[in-house]
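Annotated features, as they stand in Swiss-Prot:
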- S55, T56, R57, T58, Q82, R106, H133, P134, T135, Q136, C272, L273, R317: carbamoyl phosphate binding site (BINDING)
- N166, D230, S234, M235: L-ornithine binding site (BINDING)
Amino acid sequence: MNLKNRHFLKLLDFTPEEITAYLDLAAELKDAKKAGREIQRMKGKNIALIFEKTSTRTRCAFEVAARDQGADRTYLEPSASQIGHKESIKDTARVLGRMYDAIEYRGFAQETVEELAKYAGVPVFNGLTNEFHPTQMLADALTMREHSGKPLNQTAFAYVGDARYNMGNSLLILGAKLGMDVRIGAPQSLWPSEGIIAAAHAAAKETGAKITLTENAHEAVKGVGFIHTDVWVSMGEPKEVWQERIDLLKDYRVTPELMAASGNPQVKFMHCLPAFHNRETKVGEWIYETFGLNGVEVTEEVFESPAGIVFDQAENRMHTIKAVMVAALGD
């Protein structure tokens, strides 16, 4: 299967077999790193990392993955990038494409990363946009594969919370593409767009995936092996929306009771992080003082329980991002 020089913009661009090939390569690279026998396949390559949104996991994953594989990288922080401000996306793409072997972009509009890919002449990787988070999806799929004990097409998972943005969109597409039993539990006003839902149903017709969207969180999690969530207020949204969002989503909080509603004593909890699960951050303390919530989308009890596999998930960001880069650029 040829993934050489491929852009990695959204899972809709790939077949189930191609997505599985990325997962297989990630598992192979992970094993090699842990065994101390990793072979550098990207020596002499240069990668530009464009971040219009700040990042911990995505940046670190790209940096470490590139370094492990012998590639050099340039980090363009939010304040340093001229993209779309003093220089058009098209021009930025053509400049960086002359200097670098690949470009990673983390920012706002999906259209921006698509335009970079159109004009760069080198592979472009989507580190996150408002609409999609494809590298996170590979990490999530690898993590579920490691913990499931059965093939992904025999695995059920649910996403509960605000499903309008990149995580809800991407998990719905991931499940559809890989033939999984995927459920979205959210108020209907916070479901993915009609276009995303239609794309998921189209993929499911090809793969045999089962898709459920429901406003009942308990119905969504019944029988699943994994429960995913994300923050209720996204980066850049004003503090004023917190009360409205808490009122809307209070029944979708991942509590021990919701975990138990799965009926599966082995159910696992997943979160792309960062998570508001206690008062140990400035935002977490502000939420507690303002709304009386110790933990928002997930309780501390669930987050810190043996069911929580969020740090396996976070580690797998690096291995799966490495797989994307090696597949595109590796010798």
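Our numbering is plain: 1 for the first residue shown, then up by one each step along the chain.
Cβ coordinates are placed from backbone N, Cα and C, and glycine is handled just like the others.
Distribution of Swiss-Prot features across the structure.
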residue : record                           : DSSP class
S55     : carbamoyl phosphate binding site : coil
H133    : carbamoyl phosphate binding site : coil
N166    : L-ornithine binding site         : helix
D230    : L-ornithine binding site         : coil
C272    : carbamoyl phosphate binding site : coil
R317    : carbamoyl phosphate binding site : helix
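Here the C-alpha separation of S234 (L-ornithine binding site) and T135 (carbamoyl phosphate binding site) works out to 18 Å.
Nearest in space to D230 (L-ornithine binding site), taking C-alpha to C-alpha distance over the binding-site residues R57, H133, T135, is H133. In this structure, of the binding-site residues R57, H133, R317, the smallest number of CB atoms within 10 A of the CB marks R57. Of all the binding-site residues given, namely N166, S234, the one with the smallest number of surrounding CB atoms inside 10 A is S234.
R317 (carbamoyl phosphate binding site) and N166 (L-ornithine binding site) have their C-alpha atoms 16 Å apart, to the nearest angstrom. Within 10 Å of its Cβ, the residue among the binding-site residues S55, T135 with the fewest other Cβ atoms is S55.
On a Cα basis, N166 (L-ornithine binding site) lies 16 Å away from R57 (carbamoyl phosphate binding site). Each residue contributes its Cα atom, and for S55 (carbamoyl phosphate binding site) and N166 (L-ornithine binding site) these two points are 15 Å apart.
Restricting the binding-site residues H133, T135, C272 to those with a CA within 10 Å of the CA of N166 (L-ornithine binding site) leaves H133, listed by sequence position.
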